[in-house]
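Asker: Take a look at this one; I'll ask things after.
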Amino acid sequence: LCSFLGLLYQEYRDKSTREEIETRRLQDSQTDPEETSPSEETPSEAEPTSTIENKAPPQISLLRNSNSRFNLWQDLPEVQSSGVLSILQPDEIKLQEAMFELVTSEASYYKSLNLLVSHFMENERLKKILHQSEAHILFSNVLDVMAVSERFLLDLEQRVEENIVISDVCDIVYQHTVNHFSVYITYVSNQTYQERAYKQLLQDKPAFREVISQLELDPKCKGLSFSSFLILPFQRITRLKLLVQNILKKVEEKSDRESTALDAHKELETVVKACNEGVRKMSRTEQMISIQKKLEFKIKSVPIISHSRWLLKQGELQQMNGPKTSRTLRTKKLFREIYLFLFNDLLVICRQIPGDKYQVFDSAPRGLLRVEELEDQGQSLANVFILRLLENADDREASYMLKASSQSEMKRWMISLAPNRRTKFVSFTSRLVDCPQIQCVHPYVAQQPDELSLELADVLNILDKTDDGWIFGERLHDQERGWFPSSMGEEILNPKIRAQNLKECFRVHKSDDSQRRKLGSRNRQ
């Protein structure tokens, strides 16, 4: 079963996303693409399908063929020889490919999980080096995850072998997501501790480092690192949601298959959100405790640690002294350094003091902050903005004139401090005018809380951009927002392709429009 694909999941996923990027590049370069929107359902499709079913086709042996590699559904010998390709509508063939990819990628994923367990986790030398508690943190509940993947793959395999033309896979996805996929939340929530334990073991145990290096060199691993195997479950659950979205874009509108795909997508989205929250909760709690220890209050103390509070942004800005009408900006002495901690519901303004401590001299609820950009004020006032606290620590209004180190840093602070300000381009969630879009061609890992991690082939609306190479974007598939370097992507220039991306996105999220709006407002917080 696990040997049916020649590719490990990491290779499969990379190949698949790069093909997606190239397809979009090709579409974008066409001045008048043939397909500018998801095709409507084809009434003539039902009759040929039922005719094929009556032929009782032979079972597809693909999933037991060890030579099989990254095949398309239409390239299968059974499909080629059956004659179905001349009967089915082009849209149905595309749908078959989308469903088939979900199955083959799960098989590839299971193969990689199996290698993680058999090659690494069950290695006798590694077992002797690791204490039981270390092994538990490192591998978590990966055996449960693998068992769930195997059961899921068996059901998918059975469905594919029932008929050359796959009837549906989203009903199986739905059942397994509801009944079994909670194991992913457990695994992913442990990620912070897993990464830390791995780094610590590499540092503290030379024998561990040596064994891992030797195991990674085994040809079975195809040059892939141990850590690339550890992050497989999180990558898979996210990718699975996108594969269902891909099916959803291709099924007939108002059909049973659309309804099933919407249900499966909704359940997967719930699991992915719970995974994200699990990771964030672990790291946020530790971060809040660390910040609390560094703060000394010059004003009335504010309790920092709260279950519903997390850090959005922190950093140094220059505060301008004197009235904002002052025109005597000849020396840098007019500015003095201040340090801001911005949480999702609170702003704390400090000055850094010796011993890596911060003295708090003002604060305000985040909802009572307003920002205003100063324009055309000359070089000395470049990247300067005004921050108004409608009600500060003394229950009065206060204004701060702040200078950032760059245009991007200024914009990032302004958007974080006052998230409901209008951005340069209109967000797609408002369903308004054509918005610039970008496709991710290089993966990016967020370095700051206001940044967005990107995966290859992600498509985002550009909400704002800076002259020094940063973009504030909103990802279409989950409406997550954040900053990232513009060098990570390529703009989608064809307006018809942008319109198609939006149309597909609305279709995916139409099942719960109100939830989408709520999600959008929460991400702006």
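The backbone N, Cα and C atoms fix where each Cβ goes, and this holds for glycine too.
Predicted automatically and left uncurated, TrEMBL annotations should be read as such.
In case it helps, TrEMBL gives these features for our protein:
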COMPBIAS  16-27  compositional bias 'Basic and acidic residues'
COMPBIAS  31-44  compositional bias 'Acidic residues'
DOMAIN    94-278  domain 'DH'
DOMAIN    310-422  domain 'PH'
DOMAIN    433-494  domain 'SH3'
REGION    16-58  region 'Disordered'
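Map these features onto the structure and tell me what's around them.
Answerer: Residues 33, 101, 105, 439, 441, 455-457, 459, 490, 492, 494, 497 of the same chain lie 6+ residues outside the compositional bias 'Basic and acidic residues' (16-27) yet bring a C-beta within less than 8 angstroms of a C-beta in it.
Mean predicted confidence for the domain 'DH' (94-278): the pLDDT average there is 95.
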Asker: As a quick check of your reading of DSSP, tell me how many residues in the compositional bias 'Basic and acidic residues' (16-27) are helical, how many are strand and how many are coil.
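Answerer: The breakdown for the compositional bias 'Basic and acidic residues' (16-27) reads 12 helix, 0 strand, 0 coil.
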